[in-house]
Amino acid sequence: MNAALWGELWIVLGLVGPLSAGLISVIGQSATRALLRAEVLLASLGLVVMGWMISQNALIPGIASLPTPFPPLHFAPLPMADLWSILSGVLLGATWLLIRKTLTETRILWALVPMASSMGFFLLAGGGLSLLLGLEAISLSSYLGLVTTRRSRKLWNAGWVLLILSEMGGLLLLLAMGLIMVHHGASLSFVADNFRVLAHEASNMPSSVKLVIMVLVLLAFGVKAGLFPVMIWMPLAEPEAPGPVAGLFSGVFTALAVLGILAVENVLHPGIGWGIILLILGTTGAFVAALYSIVSRHVKQILAYSTLEILGLVFSALGIWNIAQAANPQSLVSTLAWDAAMILLIMHAGAKFVLFSITEETEPIAHTIDGLGGIAHDRPKLSLAAAVAVGTLAAVPPLGGFVGEWLLLESILKPLGTTLALRNIHLLFLLAGIFLALASAVGVGTYIRWFGFVFLGPKRRAPRMVERPAQKLRPTQVVGYIIALFPVLIAGPGVPWLIPWLNLQGSQIFGNNAQSVIAPLLIDPKAVPLLVHIGGDLVKAPGAPGTIFFPQGFSVGDPYVLLLMGLVLAGIVAVIRHFMRKGKAVRLVEPWTGGAQDYNAQKSFTAEGFVHPLRLAFQGFFGLKRQRYDKGGVRFYRHTIIYRLEEQGYLPLLKLVRYIAGQVRKTQSGSTPAYLSWLVYGAIVAVLLALWHPLP
């Protein structure tokens, strides 16, 4: 089947779907909702079917002709499009189930139709123009998904930030594609801008030009991919969007942006310098996001910052993959890093979608974690889904977060080679590994804090708040959460089957090292010798049969072994506790309240106090300030922090832009001094350019 047909179908859905729903709205809201439901469900199934067809090599590249003078669109699956088409369809279907019969269902359905269309179109971008249009479609649908579902001042401000950064990214991608096409003269034009032709033209480019182009592409897609430092819209927008929509932003659109970067990278092959840039930006982004996530109080903002932390780990793994591929293609380091990046992306898509969707149930109670608590008692099924998702992100074995982070650390610890240059590169990996390990540890604290204060403990809601009765999950919601956890399962317990497939894809698409990093214990048991001396082989030697991961150090990294050890340790603690109590009940005492007589749960322990030692440890980074105030005869302290990237990076840039805009406005209004100043500045720049590069 021709990929162009699928691309045209996605275009039709994005244009005709909302238009037909608007026309049928004259009949009534019920008819509109029914049509939108059918369109979203059809799009979800279409994404799954398209992914299956791509995996079977049933989609051939195609061209869709446009009216003159527009160039044709080239369609071909992006790298890893089969996997992400299926996952996008699964999560879109989960959204369809979760929002059914809710008050905001119709508004969200209006946003889901263009979002689904942009997903399908982007995954089939086979050329520079189609990739650019796909990015623009994702940007526009993200904006619509944000501003059409709710109404608030914060939401509109976040929407403007998202739209401005997205359009700047589109301009950078257009510039990057133009640099590839015109670099060797007029022999290449938009008529033949498919990636195969672009790869042929880019083969003769200098490495410095390739690096510049990839930086432009990185900034263009980095807005959607949560890359430092162009990710500031996420902590602004995702807390304002409905839970399932924010989950699609965080889990699907970020992964699609990473695929866009990989597609252009596969065209240029920029080299080791590109990997170093990814490693530096990824490590910085993961570390900074982890610090801000642990001190945030807004339920959704914590999840937004944790998204940036996970994406930082992904970009760090991709950086190690690129460096290892260029430095020593025979080393297993590149394969380990590649598997780590992909597994982190997969598990994050499902886990973060579930957590964002759950916030729809907590928002009517409170927006901050200080006002929540005790939900596990009222909503056990909801808390179980949250526990699985949090355990995945917190790297609890054998779930996907543990698998991805373990493979990332193995790629950092495993030496690249014995030469001096390879040893120096390994030192760079170890230096980055220090910050990545710290970011991962802080991230674990973030997830424990989030789950503990939202679901566990007493209810920390104000007594004057009127609470609605706890509602049970509807059957459609239960099915929706189960479906959304599908990526978590395949990236965790399913790794014995997933990793060989990832390695095969990496070898076929990017030329990765095809050597396996997984033993055939679960996928081909007959090929594994019988395990003897079970007690002595609990910690097997590197390379011993029966281990799941290629062991850099201890093959106790087998997630099933770690899970068994955890259960044994928990049992030992339970036995000791039973005998120490000697049948007596645990003595309960009132916690210390600092002298306050009217004790309540809000005064016993706050989310800010939980992370205050960490704030003190990094007070230089946070710019920590303490404010004291009295309320009801009780003394309280509120600590404020500085968001340095926004206040010290983007605000000065915004002031500069406003200054330039003011000067342009003065010039256009006929101001003689402003006009003359532009002439002087232009003359100075012309002289400097002439001195730097004189004419022959």
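Each residue's number is its place along the chain shown, starting with 1.
The backbone N, Cα and C atoms fix where each Cβ goes, and this holds for glycine too.
Just so you know, TrEMBL annotations never went through curation; they're auto-generated.
Going by TrEMBL, these are the annotated features:
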- 40-63: transmembrane segment (TRANSMEM)
- 83-99: transmembrane segment (TRANSMEM)
- 108-125: transmembrane segment (TRANSMEM)
- 129-414: domain 'NADH:quinone oxidoreductase/Mrp antiporter transmembrane' (DOMAIN)
- 131-148: transmembrane segment (TRANSMEM)
- 160-182: transmembrane segment (TRANSMEM)
- 211-233: transmembrane segment (TRANSMEM)
- 245-264: transmembrane segment (TRANSMEM)
- 276-295: transmembrane segment (TRANSMEM)
- 336-355: transmembrane segment (TRANSMEM)
- 428-457: transmembrane segment (TRANSMEM)
- 478-499: transmembrane segment (TRANSMEM)
- 560-580: transmembrane segment (TRANSMEM)
**Study point:** Remote residues contacting the transmembrane segment (245-264) - C-beta distance under 8 A, at least 6 residues beyond either end
**Key:** 78-81, 84, 87-88, 91-92, 95, 108, 111-112, 115, 119, 122-123, 125, 131, 134-135, 138, 142, 145-146, 149, 176, 195, 213-214, 217-218, 221-226, 234, 237-239, 300, 303-304, 307, 311, 314, 318, 345, 348-350, 352-357, 359, 484, 510
Review point. Given pairs 6 or more apart, does the transmembrane segment (211-233) have at least three Cβ pairs under 8 Å with the transmembrane segment (428-457)?
Key: no
Exercise for review: Taking the transmembrane segment (478-499) as the first stretch and the transmembrane segment (108-125) as the second, find out whether 3 or more Cβ pairs fall under 8 Å, excluding pairs closer than 6 in sequence.
Suggested key: no
Check your understanding: Apart from its near flanks, which chain residues at least 6 from the ends of the transmembrane segment (108-125) lie with a Cβ under 8 angstroms of it?
Key -> 3, 6-7, 9-11, 13-14, 17-18, 21, 33, 36-37, 39-40, 43-44, 46-47, 50, 59, 75-78, 81, 84-85, 88, 92, 95-96, 99, 131, 133-135, 137-138, 140-142, 144-145, 148-149, 242, 244-245, 248, 252, 256, 259-260, 263
Revision key, fill the gap. Beyond a gap of at least 6 residues from its ends, the CB atoms lying under 8 Å from the transmembrane segment (428-457) belong to 276, 279-280, 283-284, 286-287, 289-291, 293-294, 299, 302-303, 305-306, 309-310, 312-313, 316, 320, 323, 355, 362, 369-370, 372-376, 383, 386-387, 390, 393-395, 405, 408-409, 411-413, 416, 601, 607, 610-611, 614
